[in-house]
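Trainee: What follows is a single structure, and I will ask about it in a moment.
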Amino acid sequence: MGDLELLLPGEAEVLVRGLRSFPLREMGSEGWNQQHENLEKLNMQAILDATVSQGEPIQELLVTHGKVPTLVEELIAVEMWKQKVFPVFCRVEDFKPQNTFPIYMVVHHEASIINLLETVFFHKEVCESAEDTVLDLVDYCHRKLTLLVAQSGCGGPPEGEGSQDSNPMQELQKQAELMEFEIALKALSVLRYITDCVDSLSLSTLSRMLSTHNLPCLLVELLEHSPWSRREGGKLQQFEGSRWHTVAPSEQQKLSKLDGQVWIALYNLLLSPEAQARYCLTSFAKGRLLKLRAFLTDTLLDQLPNLAHLQSFLAHLTLTETQPPKKDLVLEQIPEIWERLERENRGKWQAIAKHQLQHVFSPSEQDLRLQARRWAETYRLDVLEAVAPERPRCAYCSAEASKRCSRCQNEWYCCRECQVKHWEKHGKTCVLAAQGDRAK
């Protein structure tokens, strides 16, 4: 890694050991912000480690110090904050902050954690170290994928461009909606990695996936709707790397990463002996699963040869008698994080919002400048470029870009015209980022 090493030897371990869960009331506080910055550093370091294939020290540290359950709890806590507290801010008419970056950091926290989990859950020992919280994580992924299917039935994800008349809080709401789409796609990858461990998952987790949530049928719906693909102007586009990209005609038969994740998850859930012993093939499930036959083309089988086993399974399924829903009396563990957090904070959402409005999200200009400096130090440009999956894209038109905003050095553009058109939206954050650089 050389010069691209973000964390010094020993520094990553200190950051991992310091990870802890925060009450919802403390989200956005100074201590919480410090942990958010630490998570971002761990996130970028984990991606760098995976990119250069020099072991996975971040993943090993998370397992060694038992911090995967902490990440899962923080993930669900910020999800609850976004559902219960953030809407209260948006309804307060006289709350018009000069800068919404402190709130944006909390909104973005969920994306930071799910991105880190996606990077490290590739390794089975990480899934195993989640212990009982894997149940909570399965529920979380199910919530996200259910919303993804529902959204695809209502016209797809929101567009990133905002209205000229929108105020900062309305703009933040739109950013949060777009972020939800990206988070759901990350949750799909995490779920697929959990299914890779199907042979070592507890019976309670298997039952949750197969009986409570019927994930195979939900995955079939995802394949049918393919929310990460769309047609624009007669051209096929796919969502990858936080942007929509036009797919060249010669590449359109190529299996996308997200479609591949769905197929692998289906393979794991339908063909592993452990899952087959737990999955009840009702007439509804049989009808849904047989829809997969239309997708199993020769082109797909050439790219994922193991799906030939799934094709044989479906051929056998056509001749199989369906089963009535099982009504076995079984003692099982249930997810507890969401329920516990809701019980602890029930009836307090308004009070939490009021406290945070007064003490957290109304910082002085000096506090904002100090925070901007810390952000600039966290998001080092050389590291961001190293972890980027491809060449930068224009912030306005998504074409390949070669020019960077001279003031903040954060946004990329393909030409001067696009930069001018994007300024109305970008200018709000550009000034603060530039102040952070000057404050160094």
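Backbone N, Cα and C atoms are what each Cβ position is placed from, and that goes for glycine too.
According to Swiss-Prot:
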{"type": "BINDING", "residues": "C394, C397, C414, C418", "note": "Zn(2+) 1 binding site"}
{"type": "BINDING", "residues": "C405, C408, H426, C430", "note": "Zn(2+) 2 binding site"}
{"type": "REGION", "residues": "366-440", "note": "region 'Interaction with DNAAF11'"}
{"type": "ZN_FING", "residues": "394-430", "note": "zinc finger"}
Trainee: Measure from the CA atom of C418 (Zn(2+) 1 binding site) to the CA atom of C430 (Zn(2+) 2 binding site) and give the result in Å, rounded to a whole number.
Mentor: 15
Trainee: I'm trying to understand the geometry here, so how far is the Cα atom of C394 (Zn(2+) 1 binding site) from the Cα atom of C405 (Zn(2+) 2 binding site), in Å to the nearest whole number?
Mentor: 11
Trainee: Using DSSP reduced to three states, classify C430 (Zn(2+) 2 binding site) as helix, strand or coil.
Mentor: helix
Trainee: Where among the binding-site residues C397, C405, C418, C430 do you find the Cβ with the fewest other Cβ atoms within 10 Å?
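Mentor: Across C397, C405, C418, C430, these binding-site residues, the one with fewest Cβ atoms within 10 Å is C397.
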Trainee: I want the residues beyond C394, C397, C414, C418 whose C-beta is within 8 angstroms of the mean position of the Zn(2+) 1 site's C-beta atoms, in chain order.
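Mentor: Result: R393, A395, Y396, S398, A399, A401, Y413, C415, E417, Q419.
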Trainee: Which of these binding-site residues is closest to C414 (Zn(2+) 1 binding site) if you go by CA atoms: C405, C408, H426?
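Mentor: Closest recorded candidate to C414 (Zn(2+) 1 binding site) by Cα: C405.
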Trainee: Could you tell me the C-alpha distance between C408 (Zn(2+) 2 binding site) and C418 (Zn(2+) 1 binding site) in angstrom, no decimals?
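Mentor: C408 (Zn(2+) 2 binding site) and C418 (Zn(2+) 1 binding site) have their Cα atoms 16 Å apart.
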Trainee: Quick one: mean pLDDT on the region 'Interaction with DNAAF11' (366-440)?
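Mentor: A mean pLDDT of 69 is what the predicted model shows over the region 'Interaction with DNAAF11' (366-440).
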Trainee: I'd like the Cβ neighbour count for H426 (Zn(2+) 2 binding site), meaning other Cβ atoms within 10 Å of its Cβ, all protein chains included.
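Mentor: 20, counting other Cβ atoms within 10 Å of H426 (Zn(2+) 2 binding site).
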Trainee: Under a three-state reduction of DSSP output, how is C397 (Zn(2+) 1 binding site) classified: helix, strand, or coil?
Mentor: coil
